[in-house]
Amino acid sequence: MASGQFVNKLQEEVICPICLDILQKPVTIDCGHNFCLKCITQIGETSCGFFKCPLCKTSVRKNAIRFNSLLRNLVEKIQALQASEVQSKRKEATCPRHQEMFHYFCEDDGKFLCFVCRESKDHKSHNVSLIEEAAQNYQGQIQEQIQVLQQKEKETVQVKAQGVHRVDVFTDQVEHEKQRILTEFELLHQVLEEEKNFLLSRIYWLGHEGTEAGKHYVASTEPQLNDLKKLVDSLKTKQNMPPRQLLEDIKVVLCRSEEFQFLNPTPVPLELEKKLSEAKSRHDSITGSLKKFKDQLQADRKKDENRFFKSMNKNDMKSWGLLQKNNHKMNKTSEPGSSSAGGRTTSGPPNHHSSAPSHSLFRASSAGKVTFPVCLLASYDEISGQGASSQDTKTFDVALSEELHAALSEWLTAIRAWFCEVPSS
């Protein structure tokens, strides 16, 4: 097949552009084009000394026609190749055993047969038909198979489209559930963060107000102690005086000493005591609720994990482990409080507790949510690190429920860690 195509390509190069047949006695004229000697001679018969090339229309000399031996040899080689090709094809269509042309096809053996083979005992009882008839029969079978396969192709395309649709529906559901989980846990994280900020801000406010009350208490009692000390000093001085001087104004001094009374103000206002008691009660309630919720969530998660991993094979577990590892690395830098590009960490709102109104902390909105001024949105870490005195911090540490603080912090940490395990979009 390949050699036949090669011969045909070569034959195209030795075609006379006048007679459109293989060059016979090829000659070349001045412009370089090749023609049959007979064809180009007929063109030049009507002219005197010059004639125009049939291809490029260039004027060439009539007596400049010259034989092209190389082209003649090429034509001979091509003709020899063509003869060999024809002989090869003829040989292929000839029975190698009897040297006769093939005319029949044996259905039983799938072989071509000549007249002699057809009558031989090897094929006489077989289903034998003419080559053209057998080919026509198989053409029909081929056409039937084409139609069957085309119908299967059509059905396969439909099945594939349905499968792709199911995959799309599945991935859409997965994405929806992922966004649902992220949204719900983000809301939970926000609620816990707001609750934590409020509780810490309230307890710090109580500590701050208690410290201010202590300062007021000291400011009220210190002058009285100074007055008492002066009275004692004056009596001691009188006691060491001579009799005459001792008796001078003695009644006034004694009367003043007897009339002295220590005015003891309330160290901590009852309103602050009440608010602290309410805060502690709220802290106990939250701690208990969080513990119950945490225990239930952990128990349910354990059951869910067991169901999820039970049907996984080794490859599934491997892909799961890689996914967890990659997601953890990807999301670690996006956790709240992680380092930014400049090496600084994200902090909460600044602490401006000195300008906080005394009772605006406990206003309630129409939606039932507790509202509080931005100046009180300070975390414990911010309070202890932004200019609070040692007395302020000590009072705050005593008032704050360590159990509540630990519970809230544990939940916020757990939620952030959970975010790192959820694949991102």
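Each residue, glycine too, has its Cβ placed from N, Cα and C.
Here is what Swiss-Prot says about this protein:
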- 16-57: zinc finger (ZN_FING)
- 90-131: zinc finger (ZN_FING)
- 126-162: coiled coil (COILED)
- 270-307: coiled coil (COILED)
- 328-360: region 'Disordered' (REGION)
- 336-360: compositional bias 'Low complexity' (COMPBIAS)
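According to DSSP, the secondary structure content of the zinc finger (16-57) in residues is 8 helix, 10 strand, 24 coil. Mean pLDDT of the predicted structure over the zinc finger (16-57): 84.
Sorting each residue of the zinc finger (90-131) by its DSSP state yields 9 helix, 11 strand, 22 coil.
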